[in-house]
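Colleague: Sharing a structure below in structure tokens format, with a few things to ask.
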Amino acid sequence: AMGGNHTQSEFILLGITDTPWAQAPLFGLFLLIYIVTLVGNIGLMVLVWVSPSLHTPMYFLLSHFSLADICYSTVISPKMLTGLLFGNKSISWAGCMIQFHLFALFVTAECHLLATMAYDRYMAICHPLTYVTVSPRACWHLVAWSYLVASLSALIYTGCTFGASFCGSHQVDHFFCDASPVLRLACSHARSSEVTIFILATANGLGTSVVILLSYGHILHTILSSHSALGRARAFHTCASHLASVSLFYGTLFFMYLQPASWHGSRDKVASVFYAVVSPMLNPFIYSLRNREVKGALGKCRRRILNLC
């Protein structure tokens, strides 16, 4: 049974820092980041939903990306915030497993959604005539596929992490239940579990990044061989935001998961803060502030609301 012979009924999350004076400022900072994350991503989803001009495959995928951002920051932030505010750092064994499972699911889904979004840009720029005929059903299929692969991966990650016996310390040196700090506490099967997780994380990470790199390679080739300067500028503009988001997300993710277990240390917490807390906050801004279509839709919504008032 999964974790059938664990002696722990709970774990203690040591958190980001144990320095007493740092708890209150960190609570304020992370609460602000979490509120901005929710407002930004929910705002973007609502805007896509109510603006007919944004009813395109690109924004459909972007709204699902925002949903995944909301979900995985909600899996981590509230527990981290209560730990900082009240010093309550214990989490039940089941709670720890559920937190890790949901986190693994949404992060893996984001990798596949980013690859799907890169493929969407490739189709829009390199095959515009075919792209116009893409049906909404095809978009739903791509999103469903992202979540299916993520669900299966998360089950394997969770089985590997919590299938071991825990008989020693129950202090998790992290601010949420992640595979490597939890496996450090295991007294059986930890090595084979780490290898399995590493192989699957590599397959998901490298598989999706290859799709992204190939898509952008084709896009770059198409843009550079285009004779229209305006077309070139618009295509670069559209892709720049996606690439910024990809770089931030994959850079910290690869740093975390594609390194040997012996290298993990205090830097992991800094990298984790970036992809688990900061990245979901920045994504709506990366995608919308530099985007003419989103700005236009926002302006229309604002005028509609003012007219109602």
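Just so you know, glycine gets a Cβ as well, placed from its N, Cα and C.
TrEMBL labels come from automatic prediction, so no person has curated them.
Model, not experiment: these values are computed from the prediction.
Copied straight from TrEMBL:
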| type | residues | note |
| --- | --- | --- |
| TRANSMEM | 26-50 | transmembrane segment |
| DOMAIN | 40-287 | domain 'G-protein coupled receptors family 1 profile' |
| TRANSMEM | 57-77 | transmembrane segment |
| TRANSMEM | 97-119 | transmembrane segment |
| TRANSMEM | 140-166 | transmembrane segment |
| TRANSMEM | 195-214 | transmembrane segment |
| TRANSMEM | 235-258 | transmembrane segment |
| TRANSMEM | 270-289 | transmembrane segment |
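Quick one: how deep are these features, and who are their neighbours?
Modeller: Sequence-distant contacts of the transmembrane segment (97-119), counting only residues of its own chain at least 6 positions beyond either end whose CB sits under 8 Å from a CB of the stretch, comprise 2-3, 58, 61-62, 64-65, 68-69, 71-72, 75-76, 79, 91, 142-143, 145-147, 149-151, 153-155, 157-158, 161-162, 176-179, 182, 204-205, 207-209, 211-212, 215-216, 242, 245-246, 249-250, 253, 275-276.
Through the fold, the transmembrane segment (140-166) approaches residues 2-3, 5-8, 60-61, 64, 93, 96-97, 100-102, 104-106, 108-109, 111-113, 116, 119, 179, 182-183, 185-190, 193-194, 196-197, 200-201, 204 of its own chain, all at least 6 residues removed from its boundaries and within a Cβ separation under 8 Å.
For the transmembrane segment (270-289), the list of distant contacts is 16, 30, 33-34, 36-37, 40-41, 43-44, 47, 62, 65-66, 69-70, 72-73, 76-77, 103, 107, 174-176, 178, 241-242, 244-245, 248-249, 252-253, 255-256, 295, 298: same-chain residues at least six beyond its ends, Cβ to Cβ under 8 Å.
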Colleague: If we skip the immediate neighbours and take only residues 6+ beyond the ends of the transmembrane segment (235-258), which ones have a Cβ under 8 Å from one of its Cβ atoms?
Modeller: 107, 110-111, 114, 117-118, 121, 124-125, 197-198, 201-202, 205, 209, 212, 216, 219, 222-223, 226, 267-268, 271-272, 274-275, 278-279, 282-283, 286-287, 290-292
